[in-house]
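Annotated features in Swiss-Prot:
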BINDING   22-29, 90-94, 144-147  GTP binding site
DOMAIN    13-282  domain 'tr-type G'
Amino acid sequence: MSVDPKKLNKEVAKRRTFAIISHPDAGKTTMTEKLLLWGKAIQVVGEVKGRKTDRHATSDWMSMEQERGISITTSVMQFPYKEHMVNLLDTPGHADFSEDTYRTLTAVDSALMMVDGAKGVEERTIKLMEVCRMRDTPIISFVNKLDRQIREPLELLSEIEAVLKIKCIPVTWPIGMGQDFVGVYHLTENKTYFYEKGHGGDMTVAETREGYDYPDIRERLGALMFASFEESLELVQMALEDFDVDEFLAGEMTPVLFGTALGNFGVNMVLDTLIKYAPPPKAHPTNEREVAATETTFSGFVFKIQANMDPRHRDRIAFLRVCSGKYEKGMKLKHVRLGKDVRIADALTFLAGDREALEEAYPGDIIGLHNHGTISIGDSFTEGEELNFTGIPHFAPELFRRVILKDPLKSKALQKGLQQLSEEGATQVFMPQINNDLILGAVGVLQFEVVAHRLKEEYKVQCIFEPVSIATVRWIHCDDEVALAKFKRKAHDQLSLDGGGHLTYLAPSRVNLQLMQDRYPEVTFSNTREH
């Protein structure tokens, strides 16, 4: 399909595709909503409170998420902001969903890290940063909850640098906190932005003044606190000179902003920083070659499958990241893994569960393809070229359960449900070779609850999960057929096939795994598998 290269370059330059990473309860869902407010994508903010509130957050749209007030599914939201097009991928904040979150991070060009100002760097943030590290993802940081008592800002920066091994360069610096939160001083603009309570749900532009030394600020903070602010400001002003865009783009340095997502203060500064510094869509690796965003032929990969986004539709949607070229309604694409040509007449764009039919999409955009069971995570779509995008792995689960069906007559529905949920990446299924058991693997306990809930709600299947003595799993690979056959004979009782039919070893203990690895050096025991 002919694409005007000039128009394509312009559209690519406008795009910013990012995800928010944080520990649960650092304010990620609130931040998502406020970003949508600034992007004029929503008019009313539905703050997530308890399970009794009617107005749930726009980005939490599966019934279980709304009941529990946590984001389980990755949703996708697109909105315009100052001549740019922003694609925001909301990631599950709950500790159990690292696999889904990881796959989402393969589809973004930068990330916004949120830190709770009272708690500092938390465990989940550390894990997510490790994933960003693997991909050298540029990070913008936002220290949240300045309208409450937080830790000393300099102490927070030191902790981020020490724990996450990333250099911090403040863009804004807080003046006071909690009851005495005056606002922030913007270091590059030499302006103070004043915080006013009560504007959490609207887009009131903060009052600004040049500099920061004003009698009313001194009076509000008191002499001691103002002196402390000036002292810390001097230190961070020296750091600002070290800001290096290349180091930021390599994921080694992060611009830091302060504010309150709940109070909608500092959110537009995050968007401004994103547009100023974050990269437009980057090149993506494939097994065959690197694909640049500005290439005129279409290509993209599926990083997520979501079943039953709308119970009324009973469907499954494959989320595809556009890597190059332009999607146009009705275009013919090659589904590379199957070697089949398909006509895509009804791709979707999203505002968290609200679907709209899509006429066109550019690199960096996320589109939804209707999936009737033929699309898997990691699949590539092109205009004909044989390209297989890389870097979308399965991780070895750390928890295992045996599935026990309450009604044996429902076994067909159970298998269908588990197959679909595993294709979607909600769980991994293993079938031991010595019996007819179905073993589920997950990264965290909550995943089992989600699977049980969804099997019951969507497939009308009730099961119980019981513990099973499996410590970990490894994918098996061996080029030497004789050695592989010998290994299979010896390890028969521990072997299984995963949902994709790949041979796996279910280790009863870490010690056992180590013994098998020592005994069979020609066999590769891998803890990840590419989709």
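Each residue, glycine too, has its Cβ placed from N, Cα and C.
Positions of the features from Swiss-Prot, shown on the structure.
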residue: Ser22; record: GTP binding site; Cβ within 10 Å: 24
residue: Asp25; record: GTP binding site; Cβ within 10 Å: 15
residue: Lys28; record: GTP binding site; Cβ within 10 Å: 27
residue: Thr91; record: GTP binding site; Cβ within 10 Å: 26
residue: Leu146; record: GTP binding site; Cβ within 10 Å: 28
Mean per-residue pLDDT computed across the domain 'tr-type G' (13-282): 84
Mapped DSSP class for Lys28 (GTP binding site), helix or strand or coil: helix
For Thr91 (GTP binding site): DSSP state (helix, strand, coil): coil
